[in-house]
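Inspection log for the structure reproduced underneath, given as structure tokens.
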């Protein structure tokens, strides 16, 4: 499954508005205006592009629809002679089919989560930023605003990550998707097969979609194989079902191999607490890039995506931890006064409330941090994107 990623900062541009080297495909075409200003594509072009973006989804659904017909009608109804075998196959098939479709459509229709208004520049600072032409002065404005936000990652050049399109300071792990034309929290990639950005709001659904797609194909291969062999060796007479069964086995096997490779990669990412973007380029912290900056140990990494209740893991219901705006990291020392200011501004604690820091101290990683004098802090901002 080819994927495309985001428009991201350039190490040569402190404003962080140039196109990222990870833009593999599906970027929005942007024309150059008469004064060097970027102009949005025409309305007709955008409508045509959005319609074409649904082509891969339509193709996948046609394949799924045909596979359902081939299995239920051509195999179970016309080919399998034994009623007990037919019923057992249908029950198992529909179980995995239902979970596959459920997780697939949850991935498609889950709206990508975007940064809250807390990350937008205040009107006075925004006016100063837009009037200012010098990049270094713009950075000073962004740094001043970012002091009150839980933002600790930087561009490759050490600048505050700011999106000129969405006009927000990017939260950690947030990137701008040029296909969706918005900043996406904890963006992993833009997937053409679901015509949606895969990020904080639906990453669990995407992993489950891959899991159930692999299981769906595995069930088809396992149950069709004996009849595939019988048709192939001429043990069964040629009927109208022969083509469907032979082709169904080949298609299911090919999809199983391709989906399993992608599923294995994303399970590895979950275990490492990385996104696809971070796997290609390590996130940059004030003390430099670190590919394991968000890794908290395997168990906690899995819980961050699937939640801490194992009974919810197999269902495509949202159970990921956090709000998508801030993440636990071992690499940042946070001033408690700064955190209180952020929490007060976002209504998480009253103005005279007590410190609401959450210090992690149970895992091997956190024990190591404690011995080094570090402190792990969770900062929650407005949970409604």
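A Cβ is built for glycine as well, from the same backbone N, Cα and C atoms used for every other residue.
Among the features that TrEMBL reports, region 'Disordered' is placed at 1-20, 346-385. Annotation comment: TrEMBL describes 1-11 as compositional bias 'Acidic residues'. Here TrEMBL flags 58-81, 87-105, 205-229, 241-265 as transmembrane segment. Residues or ranges marked as domain 'Palmitoyltransferase DHHC' in TrEMBL: 161-280. Summarising the annotation, TrEMBL assigns compositional bias 'Polar residues' to 346-361. As annotated by TrEMBL, compositional bias 'Basic and acidic residues' applies to 364-373.
Sequence-distant neighbours of the transmembrane segment (87-105) (same chain, 6+ residues past either end, Cβ-Cβ under 8 Å): 60, 64, 68, 71-72, 75-76, 80, 194, 205, 208-209, 211-213, 215-216, 219-220, 223, 314, 316. Looking only at the domain 'Palmitoyltransferase DHHC' (161-280), the predicted model's pLDDT averages out at 95. Across the domain 'Palmitoyltransferase DHHC' (161-280), DSSP assigns 67 helix, 16 strand, 37 coil.
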